[in-house]
Every structure is written in C-alpha cells, then in structure tokens.
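Chemist: The structure's right below; bear with me while I get my questions together.
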Amino acid sequence: MERLLPFRFDEEEGVFWLLDQRRLPLEEVWVPVRTAREMAEAIRAMVVRGAPAIGVSAAFGMVLAHLRGESPKEADALLRQSRPTAVNLFHALDRLRPHWGDLEGSLREAKALWREVEETERAIGLHGAKVLRGQVLTHCNTGPLATGGYGTALGAILEAHRKGRVNHVWVDETRPYLQGARLTAFELKKAGVPATLVADNMAGFLMQRGLVDAVIVGVDRMALNGDFANKIGTYTLAVLAHHHGIPFYAALPLSSVDPRLESGEGIPIEERSPEEVLELKGVRLAPEGFPAYHPAFDVTPHRYLTGIVTEKGVLYPPFDEALRHALGLS
Ligand SMILES: CSC[C@@H](O)[C@@H](O)C(=O)COP(=O)(O)O
C-alpha cells in the first residue's frame, strides 16, 4: 500500500508540495509552496497541521527561503508567527538557524529532521502498542498526515492493531475543525482498521458502558512535569477517563517537550477565528452576529496521565523525573 504523506519535496524544481488537509477526505489536492512566506501562510491556514508535520514543513520553509533569496531572518520570523502552540515549529526553526545563508546546510538539516520524525515514530509505535488493548478512543489526528512519519498516538494504535491487540477504535470527530472525522477516519479506513466515528460529547457515554479500554492522544507541547497541550477537548477526555478508571496515554517524540517550561501554565494557547465554530464548511450554524470562542488547544494536568509514550519507551510517574532522565537533563 502506498504510504500516506502530508508533503513531498521536489528537489529539482525547489517546490514543497502539501496535501491540502482542509479538503480531505473528499478531495486529494496538492498545493505547491515556493517561498517561506507561502509556507507560513499554509501552516496558519492549516493546509498542513499536526505538531511534527508543522515542524518539518517549517524546516523546508527555510530551505525555500534560501532557494528564493528571501531573507532568512524574515523567513524565520514569519514562520515563528504562523502557529503558537506546537513546540516542534520552534525546535525546527532553532535547528535551521545555524544554517542561515547556507542552502546545502539547510537542506541537509531539514532532511535530517524529517528522517528523525520517521525514526522516532517507529519507536513510539512499537512502545505504544504494548500498552493498548481492546477498544481504544482517540482525539484529533495524530497519524502520518499529522507528522510526515508513521504517526504518534495513531501510529501506536495502528501498530497495536497489526499485532492483534486493538480490535476497534472510537474516533472523536474533534470539533470544530473535525480532524477526527475527516483525517483520522480517512487514515483508519485506508489502513483497514475497524473504527467508529463519534461526536466529542459521546465519550462519557461510551466509557460508562465499558466500551473504552484505553485512551491515547498526541501532544503539541509538553512541560517538564508532564502537563501537556493538545487539541481542545483532550482535557475533558482525561477527566472522564480518570473518573472511569480508564488508562489515559499521551504519545509524543521527546522533541515535543519544552524544557524551558516547568508546568503547563506557560504553554501559549492558540485562539483561532470564531468563524470556525460558527460555520461548518461555509454553512452558518448560529444566528448572525452571535459571538463564539475558539481556543484551539487545552492543557491536561499530568495527574490524569497513566503513561507517556516516547521513542525511548513508556514513562510512568513521577513524570518530572522520568522526563528529565529521558531528555538527559539529570
Ligand atoms: C502527532 S500530532 C499531535 C498534535 O499535533 C495533534 O494531536 C493536534 O492537536 C493537532 O492539532 P492541529 O490544530 O490539527 O494542528
């Protein structure tokens, strides 16, 4: 089966192609990106999204800046402003900084970053598969489309299904952008995994009925104590899972940990346009002029986590010690 990827780089033409995730699953449209400015706009508009995929795209954005003669300083600043929560964006740009003014060096670094995403996610999948069984519930989209590799939380689910440990996936639709309904459902269908779509407000019902054996989600930014930001609605799921005694896991590459943050309080939360709540694909849902609020992420306190799945294995409490050790900080 052909691998599903959110982007590809045409090195000859110097064009980074993005699979337009706003149009999936109904249409598979590839969008050419030629400049860092275009890349920053594509990330902001969520043509490409998901923390690791944003990181790789930003790195190639810097490559495009060098190819097109844009100022690396301005390109870096534009890309940094595109989305605030996923730390992978900033990690990627920090890695490209020593190669400003050096096309070959930036290309090498961007390719290395992409390769690392793939390698770490293979390991995350193998470790994560060991802790999942039966029916698993997930939120947002954390598969290959969100990363450019094999996926984080969804990568673990896919691996657990291949091993016969997981037999069914509950897919949260993930209002308002519908990453679950559109993208996770698309990926699970392609992979042939038995799965069912539910609206976000159905998770409690499923748990009460004993239909969820574990919850696993991705991460946009984790603090050193294990508090983490992920797609809005994750916190609600964590509290529900805790109440029902259901194991709750976060899966991430260690590059999604922000070592400057001791707790989740300092994680910047992106606020997106209220229109994304008021409308669905351009169709108005609420009365004209009615206000809406759209925080795109929430922060889940570490006490709700059973374990953190990383490329170095599954970490258990106390998470601050385990994370520092995994990051080589202690
Ligand atoms: C492996 S991706 C982890 C997270 O990036 C994912 O769960 C998520 O919240 C994505 O949000 P998005 O707003 O679609 O970029």
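Quick reminder: no glycine exception, Cβ is built from N, Cα and C everywhere.
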Chemist: Suppose a student reads TrEMBL and sees Arg49, Gly50, Ala51, Gln179, Asn230, Lys231 listed for substrate. Which of Arg83, Arg260, Arg272 should they find annotated at that same site?
Modeler: Arg83
Chemist: What Cα-Cα separation, expressed in whole Å, is found between Asn230 (substrate binding site) and Asp220 (active site, proton donor)?
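Modeler: Here the two Cα atoms are 5 Å apart.
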Chemist: Hey, for the substrate site built from Arg49, Gly50, Ala51, Arg83, Gln179, Asn230, Lys231, who else sits with CB inside 8 A of the CB center?
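Modeler: Counting only non-site residues, the set is Ile54, Thr85, Ala86, Cys140, Asn141, Ala146, Gly218, Asp220, Phe297.
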Chemist: Distance between Cys140 (site 'Transition state stabilizer') and Gln179 (substrate binding site) at the Cα atoms, whole Å?
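Modeler: Cα to Cα, Cys140 (site 'Transition state stabilizer') and Gln179 (substrate binding site) are separated by 5 Å.
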Chemist: With the Cβ atom as the reference point and anything under 6 Å counting, tell me which of the binding-site residues (Gly50, Arg83, Gln179, Lys231) are near ligand 1.
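Modeler: Near the molecule: Gly50, Gln179, Lys231.
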